[in-house]
Amino acid sequence: GSIPCGESCVYIPCISAVLGCSCKNKVCYRN
């Protein structure tokens with residue numbers, strides 16, 4: 001929830017979700 005994964009999720013889901021990232025405020029975060 002606090003580490004940005006350097007990916008946005010405005011139009012498409014987080015590709016980095018496979019690494020444990022999730023969408024938050026249109027940006028992909030981890031932990």
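Just so you know, glycine gets a Cβ as well, placed from its N, Cα and C.
As written in Swiss-Prot, here are the features:
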DISULFID  CYS5-CYS21  disulfide bond
DISULFID  CYS9-CYS23  disulfide bond
DISULFID  CYS14-CYS28  disulfide bond
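Structure coloured by features recorded in Swiss-Prot.
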| residue | record | CB count, 10 Å |
| --- | --- | --- |
| CYS5 | disulfide bond | 19 |
| CYS9 | disulfide bond | 20 |
| CYS14 | disulfide bond | 20 |
| CYS21 | disulfide bond | 23 |
| CYS23 | disulfide bond | 17 |
| CYS28 | disulfide bond | 22 |
